[in-house]
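Here is what Swiss-Prot says about this protein:
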type	residues	note
SIGNAL	1-21	signal peptide
DOMAIN	22-131	domain 'Ig-like V-type'
TOPO_DOM	22-169	topological domain 'Extracellular'
DISULFID	41-115	disulfide bond
TRANSMEM	170-190	transmembrane segment
TOPO_DOM	191-209	topological domain 'Cytoplasmic'
């Protein structure tokens, strides 16, 4: 990349971020070291023939330093900048999508990555993708759900249902004995009533003779 172009990119980058012509996904990604990362940039215009990929190592500002990694050209393919490890960075196109593939990332690869096209007369940048490279991915803390106390429902005891015969043998014996006593008493009462009646009739016959 020519020095004049490098200075031009650095001077205009801060004011031209986030143009809707270039849409980048994802906006943020976190990966472990030695893993692979693929960033994408969608060009709204189908006439795009060259696209650049840049990396910003610090938070965006007017004095931020931007590093041009590589660019893709429709006639030349992938062109890497000087000092860039070519085996680590791959740039390719699939239709309206342009991809930046990073392999075996390290902690120093963290930063914000931008795709860019040279317009007329301005430079057009994508929305940017923030890459964070860590040794160990943070574990997601599980949210504890508050247990809702259950309402205590008072239930009345159910009457026990007895199974088997309703009366025991002793109860049946007492019941039969009571019936027999009643029958005997009734028989004695009837017998006495009959004797009294016969005696009354006999007395009346003797009285009227």
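Quick reminder: no glycine exception, Cβ is built from N, Cα and C everywhere.
Outside the topological domain 'Cytoplasmic' (191-209) by six or more residues, the chain places nothing with a CB less than 8 A from a CB of the stretch. Residues of the domain 'Ig-like V-type' (22-131) grouped by DSSP class, helix first, strand second and coil last, total 3 helix, 61 strand, 46 coil. Summed and averaged per residue, pLDDT over the topological domain 'Cytoplasmic' (191-209) gives 77.
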